[in-house]
């Protein structure tokens, strides 16, 4: 395993260097071209003014971190989607769990080397420019973002490896990014006056939710030199930790059961089309206004929704010959969504 780990680190040196150069270029441009503070003129016309910290710009390296956490799993685990590659890697004298572990370490390297270099480059640029920040907030956010990035990488690695080919893996990652938010987005649309708790936001249910909130939290802290309220993060932290730990557990527990012959085949996992398509069809159908049901516009929207679901199943089956279960699932999801729309409209 030591030799495999050494090879993995060497194999990732060039991609890490390329990612680092791109990340540093993007972050450097953002930090050098953005305003760090604004001037506030005091009222009364006495000519007084104050310097107010404007934006710590930590959102720039945070965006780099988020993109890497989605892109790197595709690089690290695509060997499971190709027949030749999977036969080669599975023929090595290591267990599949150890192979997954080595690939995971290589992925974390590809994420945190570019992120670290770009983050501290931005910090150095801030030091060289005139600023009025609480500078000790920068290392604090960096330390907080490391476990969040690792958890996010675990989530998308698990989702990507549920599929049997690259295209389906990308669909799975994109689908679950918004799937957990759909029910609450539906409630927000249906009940615009619904008084949700102040600590709640639909975006918090996204895998990116906690990372986004942490960046906002520390940005406010760096600019104001005071700790903001932790209320919005109170329940998001344990939720994100559970998601990440569950994803890593699932990634390693299912490594041994993965069959080499599944590479490049249909993605029959429940994490892919079989669940995602009916979930989206159901939620979108239930979002149709009960007053519009039966109108020409609603019929067109429903037709587009059914056609979209049909296309997704065609992509899943790679054929226009769908199974009876696919048609029943699509029809049931659409019918249940319309029923829920009617019931909520009556209420």
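Glycine is treated like the rest: Cβ placed from N, Cα and C.
Feature annotations, reproduced from TrEMBL:
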- 12-31: transmembrane segment (TRANSMEM)
- 51-74: transmembrane segment (TRANSMEM)
- 105-128: transmembrane segment (TRANSMEM)
- 140-159: transmembrane segment (TRANSMEM)
- 171-191: transmembrane segment (TRANSMEM)
- 235-258: transmembrane segment (TRANSMEM)
- 270-289: transmembrane segment (TRANSMEM)
- 295-316: transmembrane segment (TRANSMEM)
- 328-346: transmembrane segment (TRANSMEM)
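Remote same-chain residues near the transmembrane segment (270-289) are listed as 159, 162-163, 168, 171-172, 175-176, 179, 182-183, 185-186, 189-190, 298, 301-302, 305-306, 308-309, 312-313, 315-316, 329-330, 332-334, 336-338, 340-341, 344-345 (criterion: CB distance under 8 Å, separation of at least six residues from the stretch ends). Counted as Cβ pairs under 8 Å, contacts with the transmembrane segment (12-31) are highest for 105-128 among 51-74, 105-128, 140-159. Within its own chain, the transmembrane segment (235-258) is flanked in space by residues 80, 95-97, 99-101, 104, 148, 150-152, 154-155, 157-159, 161, 199, 204-205, 207, 209-210, 213, which lie at least six positions past its ends and keep a Cβ under 8 Å from the stretch.
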